[in-house]
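Structure first, then comments.
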């Protein structure tokens, strides 16, 4: 049975507040409420964002007498690793996280020769109901808090440092959920990720990607924030007739509206927009659709667009599969012939259901 679109999360209790939920002013207020001197706020932020420590009992520059109090009030254990699985010779690791209310989400850490990327979740489940995506088939449980999002990043950065002596370079909001449907918390998380220590992790905004199925008003709103992050538009079809089915939000905002919003984003930020296109055998891989995709993107975005073709990854309950390689190559050639940059994405994590469209946070 097809899922219905859900833009509002079901009513649920909120996760406990955490240091990562607060901006600088909020941290100062939280520290003052504990009766601590103002400089402790910056100290705590430095420990968390700079040293990647999430347990005040390990913060040796804090008086021992206040560590337990700070742990209880500002550092609740929001996410517990319930399961980890790896593939690609240990270069890809998927973690199933369990939140304080029992909901589960997933993140995927991918190590490459020149970069280290973590794919993070912004919601538990997803309300966008895309039929080829495991997350969309499961529906929306709730939004994640800012701190629950940020904690996925801190955990990945700490793992890279402690296990490999390496640094986290890239963050992509491509895990569970539609990031722009959880706008305020995702925006706050992006700020924590990109601001320099001691107020954030200091990851370049150009190395942070926020994906969306095409919530046009929110794309424009994000452009006006002028954060400079990369926008990834999950398009998957160049014509409204097919996209209405593949990406049901298209019934609310048509392709032309999504592309106009993407053009606005590129114009305001100067950043090239990434267009994601899952190639599905005999569904959206026809030559004429490749031609139309190239024409529409070139007309809307000119040189400020790049197409990432994604070979469809298998998901439970779906009979669709990836297009054959010759069809894939022809599709790339035709899109490029329209003057649009196009490549096939390197797929990681398929064996452990960690690839694009496979995350569902099941089990544990």
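Easy rule for this one: first residue shown is 1, then count along the chain.
For all residues, glycine too, the Cβ spot is worked out from N, Cα and C.
Per Swiss-Prot, the feature active site, proton acceptor maps to 106; the stated evidence is sequence analysis.
The active site, S-methylcysteine intermediate annotation in Swiss-Prot covers 356 and is backed by sequence analysis.
Proximity of residue 126 ([4Fe-4S] cluster binding site) to non-local residues of its own chain (separation of 6 or more, Cβ distance below 8 Å) is seen for 133, 135, 136, 138, 139, 140, 176, 177, 178, given in sequence order. The annotation [4Fe-4S] cluster binding site is assigned in Swiss-Prot to 126, 130, 133.
Residue 234 (S-adenosyl-L-methionine binding site): 26 other CB atoms within 10 A of its CB, across all protein chains. Annotated S-adenosyl-L-methionine binding site per Swiss-Prot: 177, 178, 211, 234, 235, 236, 313, in sequence order.
Annotation source Swiss-Prot lists disulfide bond at 119-356, citing sequence analysis. Sequence-distant contacts of residue 119 (disulfide bond), defined as residues of its own chain at least six apart whose C-beta falls under 8 angstroms from its C-beta, comprise 107, 108, 109, 110, 172, 174, 175. Secondary structure from DSSP puts residue 119 (disulfide bond) in a beta strand.
Marked as domain 'Radical SAM core' by Swiss-Prot on the basis of sequence analysis: 112-350.
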| Over the residue list 177, 178, 211, 234, 235, 236, 313, recorded for S-adenosyl-L-methionine, what is the maximum interresidue Cα distance in Å? | 19
| Could you state the CA-to-CA distance between residue 106 (active site, proton acceptor) and residue 313 (S-adenosyl-L-methionine binding site) to the nearest Å? | 17
| request: Among the binding-site residues listed here (130, 133), identify the one with the smallest other-Cβ count within 10 Å. | output: 130
| remark: CA pair residue 234 (S-adenosyl-L-methionine binding site) / residue 130 ([4Fe-4S] cluster binding site), Å rounded to integer, equals 11
| task | Would you mind ranking the binding-site residues 177, 236, 313 by how many other Cβ atoms sit within 10 Å of each Cβ and giving me the lowest? | result | 313
| message | So, three-state DSSP: helix, strand or coil for residue 313 (S-adenosyl-L-methionine binding site)? | response | coil
